[in-house]
Amino acid sequence: MAKIVDIKGREVLDSRGNPTVEADVILDNGIVGSACAPSGASTGSREALELRDGDKSRYLGKGVLKAVANINGPIRDLLLGKDAADQKALDHAMIELDGTENKAKLGANAILAVSLAAAKAAAQAKGVPLYAHIADLNGTPGQYSMPVPMMNIINGGEHADNNVDIQEFMVQPVGAKNFAEALRMGAEIFHHLKAVLKARGLNTAVGDEGGFAPNLSSNEDALAAIAEAVEKAGYKLGDDVTLALDCASSEFFKDGKYDLEGEGKVFDAAGFADYLAGLTQRYPIISIEDGMDESDWAGWKGLTDKIGAKVQLVGDDLFVTNTKILKEGIEKGIGNSILIKFNQIGSLTETLEAIQMAKAAGYTAVISHRSGETEDSTIADLAVGTAAGQIKTGSLCRSDRVSKYNQLLRIEEQLGAKAPYRGRAEFRG
């Protein structure tokens with residue numbers, strides 16, 4: 001038994017300079033597992049609650065001392081003496097202690113940090129890498145794959161201070177033979193994109209996730225710039241590299257309309273579905289995230305019926321890693337993929353349940369970071385340990401993003417042929 005003898009919480013900073021929660025879970029043999037909770041900017045209304053202090057005199061109200069106190073008090077008292085290897089029991093005990101639908105009492109940030117720290121401690125106690133322990137918890141021991149990275153190289157929306165409405169423009173090196181080659185391809189495209197933007201006299205400062213954040217004439221202009229960078233890097237768009245969007249449509253859905261302020265265009269749901277379908281015809285876009293507002297289920301159904309047979313339609317704000325909402329979406333034929341962010345639901349156990357439900361229904365699962373990240377690289381192990389096949393963890397700069405890519409390089413080196421990189425086969429259509 002990996003007996004828990006102490007739990008410590010603390011306030012640390014995320015990549016935006018805002019406080020977040022870190023937890024240590026200490027075992028009787030001296031092993032310490034540590035994990036940090038990430039934080040989002042564009043958040044779904046049904047996400048589990050991130051507990052903030054609201055004290056404007058500290059960190060502009062964004063302190064997390066209440067969540068830390070919950071770790072050092074009630075959560076610690078609850079879990080002392082328990083087995084860190086029994087992930088379900090730990091997570092369910094914390095969920096029960098919280099007693100709310102959205103973890104509002106203890107805070108999803110507090111529960112998640114402890115949940116992940118316990119998993120890390122248990123993996124060390126077993127003498128196995130975290131991805132192997134996660135595969136065991138997932139009921140898929142020894143079944144691994146290296147994920148296709150969805151690299152966010154132009155940032156807009158809530159992730160950047162520019163006039164671009166769509167939040168993320170991503171490249172996917174689907175033609176790579178392994179993850180290391182995929183990472184190299186992405187990095188080369190990123191550097192060529194910088195040169196393309198500079199040649200146009202555009203800003204090459206980066207946004208929250210490390211992508212460039214220039215002012216552009218339209219959303220399609222971002223795609224054209226990326227297409228030029230891919231070509232200049234020596235790759236073939238559509239074969240070696242495909243494209244993906246995260247619209248984060250809930251951020252520009254106003255009064256029942258989709259308002260693209262940067263382009264001066266306003267659409268109803270059917271019109272916006274046509275707009276997105278047009279982009280997929282002109283560019284090899286094989287994945288679109290949050291193409292409709294989280295509450296516009298009729299719009300989502302229309303978009304799914306229109307392009308879902310050939311394009312991966314990912315629910316982020318729509319599903320918020322929540323099995324109850326995902327189940328309803330599956331039953332209604334809404335989308336065909338789920339974005340997995342463990343702080344949306346607040347525990348490792350519930351995260352694994354969402355991945356399992358998605359896969360059982362033939363939906364894909366995309367493991368994702370948040371825009372507010374730390375050096376914690378747990379999502380890399382989660383992607384490999386669940387054989388999810390895809391990961392979103394930002395651009396090719398900023399160490400809060402690159403830490404995940406570097407962990408994936410280490411894992412691929414360890415696993416070799418046991419963790420295949422499947423490229424285009426991981427996507428629909």
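The count begins at 1 with the first shown residue.
Note that Cβ sites are derived from N, Cα and C of the backbone, with glycine treated the same way.
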**Study point:** Listed in Swiss-Prot for the (2R)-2-phosphoglycerate site shared with Gln167, Arg370, Ser371, Lys392, one of Lys194, Lys198, Lys332, Lys341
**Key:** Lys341
Point to revise | Matching residue for the Mg(2+) site, where Swiss-Prot names Glu289, Asp316 - out of Asp240, Asp246, Asp255, Asp259 | key: Asp246
Check your understanding: What does DSSP say about Asp246 (Mg(2+) binding site): helix, strand or coil?
Key -> strand
Study note, to complete from the structure: For Ser371 ((2R)-2-phosphoglycerate binding site), the close recorded positions (Cα within 10 Å) drawn from Glu209, Asp246, Glu289, Asp316, Lys341 turn out to be Glu209
Study note, to complete from the structure: Around the Cβ of Ser371 ((2R)-2-phosphoglycerate binding site), other Cβ atoms found within 10 Å total 24
Check your understanding: For Asp316 (Mg(2+) binding site) and Lys392 ((2R)-2-phosphoglycerate binding site), what Cα-Cα distance in Å is obtained after rounding to a whole number?
Key -> 12
Review point. When the Cα of Glu289 (Mg(2+) binding site) is compared with the Cα of each of the recorded positions Glu209, Arg370, Lys392, which one is closest?
Key: Lys392
Study note, to complete from the structure: Taking all protein chains shown into account, the Cβ-based neighbour count within 10 Å for Asp246 (Mg(2+) binding site) is 28
